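Visitor: From TrEMBL, for reference:
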type: BINDING; residues: Arg55, Asp113, Glu114, Ser115, Lys155, Gly172, Asp173, His250, Ser251; note: substrate binding site
type: BINDING; residues: His126, His151, Asp152, His224, His250, Asp283; note: Fe cation binding site
Amino acid sequence: MIIPLENPVLVHEDFRKQKKTEELQLDNIIPMSKTSSDDDVFLAPEVNAFGRQFRDYADANNERQKSVEEFYKTQHTNQTLDFVKKMRHEYGKLDKMVMNIWECCELLNEVVDESDPDLDEPQIQHLLQSAEAIRKDYPDEDWLHLTALIHDLGKVLTLPQFGGLPQWAVVGDTFPVGCAFDESNIHHKYFMENPDFNNPNYNTKTGIYSEGCGLENVFMSWGHDDYMYLVAKENGSTLPSAGLFIIRYHSFYPLHKAGGYTHLMNEGDKDNLKWLHVFNKYDLYSKSKVQVDVEKAKPYYMSLIKKVRNFTFISFEDE
């Protein structure tokens, strides 16, 4: 993917100023845009697309939950530090495919996330549901709309033209490798089969890292989040740091939902986590059976893409 942006137009002035009156807190409070009316504000549903609680992994009698648990057993066993380094080296070359952003979005029609207990819809619907919900509440933050649209595009790694990686190497909750697996990870028991679990170099609280080292210096389990982050970073994206942080850590639920691994964060991470808390509401709770009209939504997102015309994924070509 290649993502040069001709004009850094996607950083809203209010984001730069960080006014005290609009300052985000490290909690679940979601500040809404002043331009949104109460009728337009996105309201999180109480149940997911299957009529159950979101991120409910406890129903052992549910077939969907059984398959999700089996997914995490495989993921937790195989995501080692060596594996992550190998994948980062291979996919950091960004030499798999040339296409534009919208074409990549449409490719996600071929992907269903096996790790997600809340959704079995094609991924392009999830991208648009998230982006459209954010757009309602934050109409002026176009950088956040674009971040929502592209945050999951790395899931194309499951497709043959991108190497056809198994889902355990593409989707699911993410976590640091090279240090102890925190108990905040879902289905933590399966890490006992991971070769790094008993490695004295990796199984302490900090492992190969140091407290406050910053998440940018931490190896995360390999998947679509880290791949998309590499694509954006290596190609000079001018998305704000919060956008890049969202892309890389939106699946890092042990951190942003359970509060694990905070000892590895620096001050910059803490600032960006505020925006990830905002984003998470729309990433998680916008999942529903109510489909977005793709053709109706497309012109707006194409206008954002044109602002970043050369935003290239795995070498995305221009429109």
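Cβ from N, Cα, C; glycine included.
Please treat TrEMBL annotations as automatic predictions, because they have not gone through curation.
Because the structure is a prediction, the values reported are computed rather than measured.
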Visitor: Tell me the Cα distance separating His224 (Fe cation binding site) from Ser251 (substrate binding site), rounded to the nearest angstrom.
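Guide: His224 (Fe cation binding site) has its Cα 9 Å from the Cα of Ser251 (substrate binding site).
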Visitor: Taking only the binding-site residues His126, Asp152, His250, Asp283, which one has a CA atom nearest to the CA atom of Asp173 (substrate binding site)?
Guide: His250
Visitor: Take the mean position of the Cβ atoms of His126, His151, Asp152, His224, His250, Asp283, the recorded Fe cation site. Which other residues of that chain put their Cβ within 8 Å of it?
Guide: Leu127, Ser130, Ala148, Lys155, Asp225, Ser251
Visitor: I'd like the number of other C-beta atoms within 10 A of the C-beta of His151 (Fe cation binding site), please.
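Guide: So the Cβ neighbour count for His151 (Fe cation binding site) comes to 25.
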Visitor: Return the count of C-beta atoms lying within 10 angstroms of the C-beta of His224 (Fe cation binding site), excluding that atom itself.
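Guide: For His224 (Fe cation binding site), the count of other Cβ atoms within 10 Å is 27.
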